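Trainee: Dumping the structure here so I can ask a few things about it.
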Amino acid sequence: MDDGYRNTNQVSDDYRYQDGNYDAPNDGYYRGGDEPAQEEDAQSDVTEGHDEDDEVYEGEYQGIPHPDDIKEKQKKRAPAMDDEYRDRADLMAERMEDEEQLAHQYENIIEECGHGRFQWTLFFVLGLALMADGVEVFVVGFVLPSAEKDMCLSSSNKGMLGLIVYLGMMVGAVLLGGLADKLGRKQCLIISLAINAASAFLSSFVQGYGFFLFCRLISGLGIGGTLPIVFPYFSEFLSREKRGEHLSWLCMFWMIGGIYASAMAWSIIPHYGWGFSMGTKYHFHSWRVFVLVCALPCIASLVALKFMPESPRFLLEIGKHDEAWMILKQVHDTNMRAKGEPERVFTVSYIKTPKQVDEFIEIQSSTGTWYQRWLVRITTTLKQVWDNVLYCLTAQYRMNTLMLAVVWFTMALSYYGLIVWFPDMIRYFQDEAYESRVKIFDEEEVSHFTFNFTLENQIHRNGEYKNDKFIGMKFKEVRFEDSLFEDCYFEDVRSSETFFENCTIISTVFYNTDLYEHKFINCRLINTTFMMEKEGCHIDFEEDNDFLIYLVSFLGSLSVLPGNIISALLMDKIGRIKMIGGSMLISAVCCFFLFFGNSESAMIGWQCLFCGASIAAWNALDVITVELYPTDKRGTAFGILNGLCKFGAILGNSIFSSFVGITKVVPILLASSALVGGGLLALRLPETREQVLMYDFPKDPPLADAAGIR
């Protein structure tokens with residue numbers, strides 16, 4: 001007989017029936033579980049080399065139990081009490097025991113599947129989804145200088161537009177992260193990406209501020225669910241030895257998203273001719289093209305995700321053994337073929353499935369109307385999501401959840417606050433330098449002169465202008481104080497930050513200008529005519545500084561690369577806890593040295609150092625959040641913490657931006673204190689790098705918690 005046959009007999013001999021149970025080999029696999037014994041010939045059918053004369057059950061190749069085995073198992077369990085009459089605490093205790101067995105078995109199965117082509121394919125698909133999340137953070141900041149002119153946005157409107165995306169992300173993280181534990185990782189990620197892609201596409205075409213704001217809110221809600229799903233999804237295909245490193249590599253796509261957004265903005269937005277107009281009411285300018293281009297990573301990930309399977313770990317949690325087995329076999333076969341070992345057989349025939357205790361109320365198709373049936377499904381699912389949220393706060397997880405919440409919040413408050421504060425401070429330094437170069441003209445007298453050039457950064461006091469013409473010109477940061485204009489003519493004049501204070505204007509004509517009434521402060525207008533005023537907003541806009549905005553964002557994203565590489569290589573060597581604590585404390589030191597940054601170049605340099613130092617903490621937070629919670633609570637917990645992170649981002653943006661030009665002591669001290677406090681607290685979290693993908697349950701869980709009593 002050939003070697004394959006001898007190996008088959010060896011596999012069959014590994015299982016011996018003793019007292020109604022399998023005596024499994026000590027290799028970590030729960031192949032038998034509580035399944036009944038099989039004949040040696042039937043067992044040998046699982047692998048190659050079986051006798052062709054034996055009767056073969058086809059379902060055995062797919063890990064599906066034989067009907068006779070099922071009947072036998074039911075007979076053995078007949079004396080046991082029916083689940084519906086058992087105490088819920090007993091059912092939960094049994095499920096927890098099953099979970100612990102499944103966690104160790106699943107770890108061994110993933111190791112058998114190997115790490116190869118399948119994981120790398122999923123890596124790039126999920127990376128595009130994470131890239132879409134990174135792009136979304138930068139989109140509004142890049143389009144604001146152009147969009148404010150199209151939509152006539154005031155300062156309050158711009159502030160709301162900047163915060164609305166974070167608000168949508170906060171809600172989306174909690175909602176979609178919770179749904180991922182009930183509906184599945186793949187399905188919820190598709191929903192999340194589809195919502196974002198559709199809203200981003202629509203937002204590029206809407207003209208009004210209200211509709212644009214609503215579209216960005218819905219877009220944020222969609223993309224907010226990406227982060228809490230991507231990391232649990234990918235982690236459930238990784239072995240313990242690979243998990244920390246490869247989840248950290250996945251974080252690089254967020255940085256790539258920032259670089260992509262910066263490069264596209266730099267390439268597209270300044271080209272104002274890349275748009276079109278339909279009449280006088282509809283304008284599609286270059287910044288709208290940029291919004292469309294930013295949706296491409298999301299669309300690409302959405303299409304590619306259709307060819308990826310659901311997480312088998314999630315399927316096992318909800319009792320879908322056969323589907324999970326088929327996916328794991330697909331992972332195994334894909335990796336083995338890529339390694340040149342297509343003959344390698346997937347040896348797992350049965351995987352432990354946890355006890356199912358969820359009570360899902362379903363009504364028949366003949367009961368009620370269609371919307372009543374959907375209402376029951378939706379309310380039941382939302383109730384289950386809410387129960388998961390509360391479960392994360394039970395005694396078993398409360399302390400870890402609260403500590404993680406503080407660390408996530410302090411990290412977000414300082415990081416997102418500072419990445420907004422850095423550009424604002426750089427712009428403030430530029431404005432100070434600009435104002436220091438102002439030219440002042442006192443008591444000048446100009447008559448019969450034609451101004452057809454730009455006047456910039458000037459103050460004119462006590463001047464007299466008679467029979468002068470101002471034609472086809474621009475005023476930029478110009479002030480006329482206590483001056484006289486007599487028999488003058490203004491035509492086709494554009495202005496920004498230009499005002500007339502305490503001036504006397506006599507027999508003067510303003511034709512096709514944007515010198516509106518609010519620009520004449522305490523002025524006397526005698527026999528003065530305003531004709532054909534320019535259409536548009538009566539608001540002075542900040543001058544475009546595309547180079548500054550794009551360069552700062554590009555350098556900030558690029559500076560993350562070294563920190564990302566270092567954190568990925570060291571994540572499994574020094575551990576998650578030391579990575580978080582060390583990164584946050586180093587970031588606090590970088591933040592403190594901002595006291596010595598009094599120039600544009602210094603602020604850009606410290607921004608790069610801060611972003612590079614803090615990325616390791618972000619990566620480790622993503623990894624440890626995945627590892628501290630069981631599979632059926634992982635998405636919910638990640639969603640809660642990521643939603644809290646977005647709330648911290650909203651507070652950070654609001655607080656830090658309000659101190660620009662006033663003092664930098666408060667932002668620096670606040671950010672440094674938050675980072676130090678969060679970093680020290682992180683050192684008290686449990687280390688998870690040696691654990692299988694499930695936080696170990698207590699052997700004797702409190703009955704109140706096990707029964708779901710709160």
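Cβ coordinates are placed from backbone N, Cα and C, and glycine is handled just like the others.
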Trainee: Of the residue ranges 468-491, 636-659, which one carries the transmembrane segment annotation in TrEMBL?
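Mentor: TrEMBL lists transmembrane segment for residues 636-659.
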Trainee: Which sequence positions outside the transmembrane segment (122-147), separated from its termini by at least 6 residues, show Cβ-Cβ distances below 8 Å to it?
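Mentor: Residues packing against the transmembrane segment (122-147) from afar: 153, 158, 161-162, 165, 169, 189, 193, 196, 200, 212, 216, 219-220, 223, 226-227, 230, 233-234, 237, 246, 249-258, 260-262, 265, 269, 285-287, 290-291, 294-295, 297-298, 300-301, 304-305, 308, 541-542, 544-546, 549-550, 553, 557.
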Trainee: Give, as a single whole number between 0 and 100, the mean pLDDT over the domain 'Major facilitator superfamily (MFS) profile' (122-689).
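Mentor: The predicted confidence over the domain 'Major facilitator superfamily (MFS) profile' (122-689), as a mean pLDDT, is 86.
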Trainee: Could you check whether the transmembrane segment (665-685) and the transmembrane segment (402-422) come into contact, where contact means at least 3 Cβ pairs under 8 Å with the two residues of each pair 6 or more apart in sequence?
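Mentor: Yes, the transmembrane segment (665-685) contacts the transmembrane segment (402-422).
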Trainee: Which range out of 289-308, 402-422, 547-570, 636-659 gives the transmembrane segment (603-624) the most CB pairs under 8 Å?
Mentor: 547-570
